[in-house]
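Asks: The structure's right below; bear with me while I get my questions together.
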Amino acid sequence: MARSLVISSENECSEKDSFTERARVWPQVLACVIASLGAFTQGILFSWTSPFIVKIAQDKVNYNISEEEAARLPTIQPLTVLLTSLIFFKLPDIIGRKKTLLLISVPHILSFITAAVARNIYVFYLSRVFSGLANGFLWTALPMYIGEVTCPKIRGLCGTLITSAIFVGQLAVNVVGSYCDVATTSYIFIPVSILFVILFAFMPESPYYYLIKKDYGGARRSLIFLTRKRNVVDDLNNLKSDVDRQMSETGTWKDLVAIESNRNALFCAVFLRMSQSYSGISVFIQYTQYIFLKAGGNVTPQTASIIYSILCVIITLFVTIFVVSKFGRKPLYSNSSALCSVILAVMAVYFYLEEFVPTFDISSLSWLPITSLVTYQVCSCFGVAIIPSVMLGELFSASIKSKAVATMTFVNSGGIFLANATFNFLSSAGGSYAPFLFFSICTGITTVLTRFVVPETKDKTLEEIQMNLKRSA
């Protein structure tokens, strides 16, 4: 990509504590916060299975659904993304990043409505399909949009808004879903999608999209909105130069792997997404109450999931504000993976003792599951949960970005689908401890490989990142 709102060689973005700096970056933060409302709704739908897998399996009055059928629900969304991501990947380049994001409200609302009226498992599956379509739109456009409307100084901070919004959505659905039925919960959240459309309609399109389309007037208006500068001629010329250079490169599917700098970026992105999936983080989001139910203890699964979700939000916001913008991507991801590996191993030991060592009094450790998951969340928020989304908007050149993002959406959904399937298979075949042990081993391997695979992108413009990838190639 280009300079990522370089703003006159980043002068305004590097003048700390100046009123001018705040005045010129707040529109970028505003655009990213409103855009992340789409991620908030997606977080609701992604985590929807946490409170409702158990409810719809136990409610034999309104539904005749087995626990096995309900347990398949989390696999439908990533499978849908897997099958459709390579169909819609051109949308951000054809209609723009902004319009692609606005489109996600349609499948969001359809997902809520079908869940509200569902009385059998197949309508619930359809609801998850709509959720998967929205997820595909979101990951195709949102990291790209945030990466393109922010200056380097705040790009990492704003990039974490995606994960933060998803965790806030997780909290919202766990709270509401614990006290309301499926239909009521769905109708409560539909207005959020409508609010997103209304607010985001007033936000600017990415200036890079305009430059790719040779719409220099549109790019100028976007820059004026995002920087609050009257004279954006220098900024526009800088961005135009970078976009023209990158668009002069061929951008075929073959180039994604044939050109070494693109191949390096792709390998890094695939590594980040697959290692994130096999850290188990997506499994824990979707199966939160189910895991707490299996773990037992003195706290109800509903209460435990709410406490867990509240702490997720608090921790993520703390990390977003005080950690991500101050430390490099590579050490954060490596250290986060190491700590998560240890915690997963502890949980594996707990479940092993519970299931296979009946002579051991597990009641004295009833506090361990929720404590371990919360600690896991603390550690994952420093890297595993956020760095892949941040770097997805940083690694790829303008000429290849839409194809790369589509590929990564495909890889991400495939990773989540396989991680969910692995969790179900290992839980059934080996016991509850088995998936935790497996994820612990995978995350331990990630700790080592991160040091060799992941480049450092902190405080670099998107153009500088491309130049570094070319030099490393």
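Glycine too: its Cβ is placed from the backbone N, Cα and C atoms.
A TrEMBL annotation is a machine prediction, not a hand-curated record.
Pulled these from TrEMBL:
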type	residues	note
DOMAIN	31-458	domain 'Major facilitator superfamily (MFS) profile'
TRANSMEM	29-50	transmembrane segment
TRANSMEM	70-89	transmembrane segment
TRANSMEM	101-118	transmembrane segment
TRANSMEM	124-142	transmembrane segment
TRANSMEM	154-173	transmembrane segment
TRANSMEM	185-203	transmembrane segment
TRANSMEM	264-285	transmembrane segment
TRANSMEM	305-325	transmembrane segment
TRANSMEM	332-353	transmembrane segment
TRANSMEM	373-392	transmembrane segment
TRANSMEM	404-426	transmembrane segment
TRANSMEM	432-454	transmembrane segment
Asks: Residue list, the transmembrane segment (70-89) vs rest of chain: Cβ under 8 Å, 6 or more residues beyond ends.
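Replies: Same-chain residues near the transmembrane segment (70-89) but 6 or more away: 45-46, 49, 52-54, 56-57, 121, 124-125, 128-129, 131-133, 135-137, 139-140, 283, 286-287, 290, 402-403, 405-407, 409-410, 412-417, 420-421, 424.
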Asks: If you count Cβ pairs under 8 Å, which stretch among 154-173, 185-203, 432-454 touches the transmembrane segment (305-325) the most?
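Replies: Result: 154-173.
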Asks: For the transmembrane segment (332-353) against the transmembrane segment (432-454), do we get 3 or more Cβ-Cβ pairs below 8 Å once near-sequence pairs (under 6 apart) are dropped?
Replies: yes
Asks: Please identify the stretch among 29-50, 101-118, 264-285, 404-426 with the greatest number of Cβ pairs below 8 Å relative to the transmembrane segment (154-173).
Replies: 29-50
Asks: Determine whether the transmembrane segment (185-203) and the transmembrane segment (373-392) share at least three Cβ pairs under 8 Å, counting only pairs 6 or more apart in sequence.
Replies: no
Asks: Take the C-beta pairs under 8 A between the transmembrane segment (404-426) and each of 29-50, 101-118, 373-392. Which stretch has the highest count?
Replies: 373-392
